[in-house]
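Copied over from TrEMBL:
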- G270, Q271, T272, G273, S274, G275, K276, T277: ATP binding site (BINDING)
- 95-167: coiled coil (COILED)
- 188-492: domain 'Kinesin motor' (DOMAIN)
Amino acid sequence: MEKELKDIRAYHLKVIEDKLIELITHKNRILAAQSEEIGEFKKSFDEFKPLTQVIQKTTRECLQEFQSKLDEADRQAIQQFHQQQDQLEYHANRLNQQQSQMQMIQELFEQQTKQRFQIAEMQKAKERMLNELQQTKEELEQKKFLKQQLMNNFKLSQQQQIQLQQELKDTEHQKRYWNNLLQEAKGNIRVYCRIRPNSQEDMLLLNGECTLVLRVPERFLKSTNCQKESSFNFEHIFNQEADQQEIYNELSDLVQNVVDGHNVCIFAYGQTGSGKTYTMQGDDYNKGVIPRAVEQIFQERQGMLELGWQTSIRVGFQEIYNEQSRDLITNQKCDEVKLLDVKDIFEVAEHFNTAKKNRQVAETLSNEVSSRSHFIFQLNLQGHLGDKQINSTLNLIDLAGSERANVAKTEGDRFTETKAINKSLSALGDVFNALYTKQQHVPFRNSKLTFSLYKYMEGSSKTLMMVNISSRSEDFQQTLASLRFAEKVKSCQIKK
């Protein structure tokens, strides 16, 4: 571009230079002509001096005019040069602008090329998406058809499910009814007997599952003509080898009766050291009746929830010590224990551990750690399903030892405790005797213990006594007393 500008400038300068040369040549011709004329008229100069002066004047005027024209021509040439230079600069600017526009156009072209490529890719993606949408639409149509089929099947299965649930509820109701009849057929008051495990001596002989023969040790025979053995019959007798699971298997139907809506009372009776607390509570390795019953009720409750029942479970821990009732959770005396709402067996276990720590125990001649009070665990189950309702309570009672004060050889506070224990157990015997003889008045109010059992020994309630006995010969008298008491209880009936 600069070269072109230089060429244009050189061209214009050449034109101006040629014109100047032409003007100078013309001037020289004029001057030469004038010189000739001057030479011709020089001779007659003198003669024509005035004319010469006129000519000179005319010549000067012509020269001046020519000079003026020449100056004007120079001025016009210079002006024209500047105009052409301005035009060249204008065209150069235009050329720069056009180059910028060309560059912008080129960039736009490249962008459009990229956009066309992207549009082509998007078009391909669009086609793929349309194909996928078409496939999805077809799948949705198939799923819609399957859904309609499933809805039809679901309506049918829902009706069947409602029918099955109703049949299940009817079956559950019948199960509760027949289970209660079965428990009533077995007896609303029943007695089981358990021989203390791991006994070294054996003055007891089992004759089948329901008959126990007690052999009288020779030192207790007053004469050779005295009866040397006594037989006792109970609903079930557990030998020394019976474990905790076997014991509970025989009691589980009674616990089920609580879920069916009936009150149940199970208590362990016997002398100190005969295994009452082990039977009811167990240890870390062999769970007793209480923890197993709690597990069963919570399992049954889960089944009730699945059937639509609304349920709640509450528990309480009570101790009767020296004819005073005490709440083992608050560790305060009370007329009636406060029942606590529980959500699971872990809450029950936590309360149970607290209650065991607060229970009165002491060392006696019969046992290093003897329970000096009656321990009552109470579980209340409430529930409703439509117009069906249940409100039943399970009482599991670990009674204090039944030995006499002279046998236990207690003194001081232990002697007072033993007297209170025997008084309450004697009142319990009076209650069973009144039931046995069918008296109009049953003395439930004679002790805190019997009054606590009142509502669990009437109507459709079930009561079971687990008599725990020892097979050691030195415990003969206590074992005989326990068996006779149990036999009397077996003859009783629940008061309707």
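Just so it is clear, glycine is given a Cβ too, placed from its N, Cα and C backbone atoms.
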Residue with minimal Cβ packing [other Cβ atoms within 10 Å] among the binding-site residues G270, G273, G275: G275
Cβ atoms near T272 (ATP binding site) (within 10 Å, other residues, all chains): 25
CB contacts for T277 (ATP binding site) [other CB atoms within 10 A, all chains]: 26
Number of other Cβ atoms within 10 Å of the Cβ of Q271 (ATP binding site) across all protein chains: 25
PLDDT averaged over the residues of the domain 'Kinesin motor' (188-492): 84
